[in-house]
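The structure appears right after this line, and notes come after that.
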Amino acid sequence: MSKVWVGGFLCVYGEEPSEECLALPRDTVQKELRSGNIPLPLNINHNEKATIGMVRGLFDLEHGLFCVAQIQSQTFMDIIRNIASKSKLIAAGSVIEPLPPDPEIECLSSSFPGLSLSSKVLQDENLDGKPFFHHVSVCGVGRRPGTIAIFGREISWILDRFSCISESEKRQVLEGVNVYSQGFDENLFSADLYDLLADSLDTSYIRKRFPKLQLDKQLCGLSKCTYIKASEPPVEIIVATGKVAGDQVQLTTEPGSELAVETCDVSVVHGNYDAVESATATTAMSNQNLPNTTPLLSSPPFSDCVFLPKDAFFSLLNVTTGQQPKVVPPVSVHPPVTEQYQMLPYSESAAKIAEQESNRYHSPCQTMYPYWQYSPVPQYPAVLHGYRQPKTFKKRHFQSDSEDELSFPGDPEYTKKRRRHKVDNDDDKEMAREKNDLRELVDMIGMLRQEINALKHVRAQSPQRHVVPMETLPTIEEKGAASPKPSILNASLTPETVNRSLAGQNESMDLLKLNKKLFVDALNKMDS
């Protein structure tokens, strides 16, 4: 078999990482490269027992630090070859025509699409004599932006995938790579397969893995002709034929088969039935191109349902609602009743009241509607009954309104004015309520004084003082002493690193909960 190469950027100079410790300045990279390009091992997920090859070159390009490595472990390649032969998805081949079918390369690209550089911490002064670069790893996703691993059989093919690399830089990489492979010790790959399976399981549950890979692919300017499936939509319709064998259902995919559902152009549709017919025809045409195939989301038999994409469905819904005629409410024959009059039902006494009124004023009572009685809106009670305000109820006049000097809460004059406001108020209920509040406050202060005096008396009589240790939160220095920072920094994204980044947020939330609990306890003690 031919050689398997892997290439990609270990860091991008123009992008800032999410964590400050992951920053890798260009001057630092150039300084370390001038000191001597030491051969670095290539492993899996920073596991030194899972070394699969060697790094053949590190190059300082305009876009970032580029790496070219070779996979030399035959034991590891045998595992990849067996996995690729049993995978139905890989056996179906790539949907992109320019890519040649290569199950091993596709399996490597799907399992380890990220690159990670293990380097020395910049702030650590204890590792001055040791090399800055430690090793390079292939992983599920890298922590630094733009760290995508491209696997291939030739270095030139890998370099052509990156549009951000110029032609002169490609020649520089091809001339600087050490293509002469040296002997590889197979004992370097001694990792347990269960450990690799556990790492793969942990990586699959990283929530931001696929969005991170999509962003990295855009930062590196990778073309669509790659085996990495990070840029493909997360939900894909796989056309397969189901063959039932016993209690198991075997799905056999057909290479090159695709289910293309086209969305109808709603802008040229002038009727609801035309839109539905066009969408139905599009679906029928797409199904005719797939002989002897049954999609996973096929419609049940004897059904009149039409399966449409979400965008087409909402477009049809908008067209349907937009073409409905606007309903105008009918105009009332009678004019609306104003708020000044209240219409009462007809009663027999209405005629008698009209007759009495006409006899009283010696004139006939003329009514516009003799069968209806109108009553005016009740007026304000004070005006209706001739109510007069008492002399004691006057407009409040405070001495502070006429004074030019300002006072603020806490000043003696301010408290006097507030008391004067309360004295001028003649509401007995308000005064009684304030007196009760003051009396309760005085009683509570008296109880607190009694408790303090009792505690002082007990402490004075006790010959020995017992000290109870209290649990306190560790300081930043104590945290640093208890958990020292690692001297080697691994730039692969794992669930452990994600939880570590969230630890600071959890500590601040715990402190906030503690303060809230103390405040609630104090309020409960005052209420009791």
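Think of each number as a place in line: the chain as shown, counted from 1.
Each residue, glycine too, has its Cβ placed from N, Cα and C.
Checking the ranges 99-117, 270-288, 308-326 against Swiss-Prot, the region 'Interaction with pAP' annotation falls on 270-288. Among the ranges 67-87, 193-213, 508-528, the one that Swiss-Prot lists as region 'Interaction with major capsid protein' is 508-528. Across the fold, the C-alpha of H46 (active site, charge relay system) and the C-alpha of H135 (active site, charge relay system) stand 8 Å from each other. Distance between Cα atoms for H135 (active site, charge relay system) and S116 (active site, charge relay system): 9 Å, as a whole number. Packing around H135 (active site, charge relay system) is summarised by its Cβ count: 19 other Cβ atoms lie within 10 angstroms of its Cβ, all protein chains included. Neighbour counts of Cβ atoms within 10 Å were taken for the active-site residues H46, S116; the minimum is at H46. Taken residue by residue with DSSP, H46 (active site, charge relay system) is part of neither helix nor strand, so it is coil.
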